[in-house]
């Protein structure tokens, strides 16, 4: 094994001769730790604010927001849904911009805007005002998840992506815990401003201030990361070329890759699963507190009851993310497993008239594993789509499904059915059941696709690397490894830095 200080010739991302360190396992682990400590906390905290600002509406609804804004009938449902109209409006344009603009600065600019919009929500006093700010909030937050997916696939290998995605996506559930505690504390305020307005003021200002951290601490790309030395930057780029999903720096939009994405069957299988998982999500996020109060709890108690719900979600998201990264053939199975409890939970809630309130509440807690299916789908997109344009097109499509599901979800909670919402919970049960079927079909399709590629190419290939590199070598990165062995076994060629798709990459195999 070469020492960390051995220097050998290699190729830069521009295809020119350069020198890069032949790094050993210990040095490789140290570099990956530096990347983790510098990148993941920023992504995680950004997602904490993302979730709190989007879903504080549920807590605000039981602390005077509906009354002070004169919401009647389905008005509240539309206030919940209109966020996703804004998200839908900006989803495709923002995926184009994420891949073209300095991504960290773009995320920071959006965060400044979204913090401002959240704070301004406190000034609303009518249905029209709420609809306007919720639409603008959707526009602002549409950038966050696609950008974080892009950043993750830029910095990490295919084995590392599911775990890291689970880590920052867990910010959703941690945000749920923080917002519940915040709402509980603010709910005790008795003044003319009213608690729901203080919720928006505090979160809006906090989000605006967090944007400065993104601006100054998050690098736009590996080659500009100040926390790495020049040799470490080159090594970080090369490891993603070998064991990731290819080049992400200095790319251009390619229409042939966009067309390939639309022709790819796995695109529409993943899209359909995302839609089915987000219809339940859209309703339960915005009606959670209203459902809990229907079990006989006060508004203040409803905020505390959401804490164990969020803790279960954190455990499910991080646990399944780790397992999906550790085992390359479990992603679809894990996604199917985590939506089984919500099927049971929604069935219990539908039967609430014939069972004790405690059992209905248990059914509500069973819904908490459902959100962990979505980060597993995001991981499938990141690890199974190669080519920047193809991947970002799929990202846009999955968030179109995300928006459609979250727009439809709140509409299933009909005011005339309150507090039981029979239609909504029957729909949740059906959607998650169909998602399980499609996840199993996706797994079978990817298995057949891998076998076909093995027959056509005459090699086994690897679902842990980018495919053939270094003049045609197909290496395998150790499961859970840092890629140092693969890095030292190959000398990259200029063509290895080209932006190619999974269809056109020899030796590329799909994770199941």
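Glycine is treated like the rest: Cβ placed from N, Cα and C.
Annotations in TrEMBL come from automatic prediction, not curation.
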> Per TrEMBL, which of 246-266, 267-287, 393-413 is transmembrane segment?
Replying inline: 393-413
>> I'm validating the feature mapping. Which of 7-28, 425-446 is tagged transmembrane segment in TrEMBL?
In response: 425-446
> If you count Cβ pairs under 8 Å, which stretch among 39-57, 135-156, 307-325, 393-413, 425-446 touches the transmembrane segment (111-129) the most?
Replying inline: 135-156
> Which residues, given as numbers and ranges, are at least 6 beyond the ends of the transmembrane segment (393-413) yet have a Cβ under 8 Å from it?
Replying inline: 74, 77-78, 80-81, 83-85, 87-88, 91-92, 95, 138, 142, 145-146, 149-150, 257-258, 261-262, 267, 270-272, 274-287, 374, 377-378, 381, 385, 421, 423-424, 427
>> Are the transmembrane segment (198-218) and the transmembrane segment (39-57) close enough to be called in contact, which here means at least 3 C-beta pairs under 8 A that are separated by 6 or more residues?
In response: yes
>> Would you say the transmembrane segment (135-156) and the transmembrane segment (307-325) are in contact under the rule of three or more C-beta pairs closer than 8 Å, pairs 6 or more apart in sequence?
In response: no
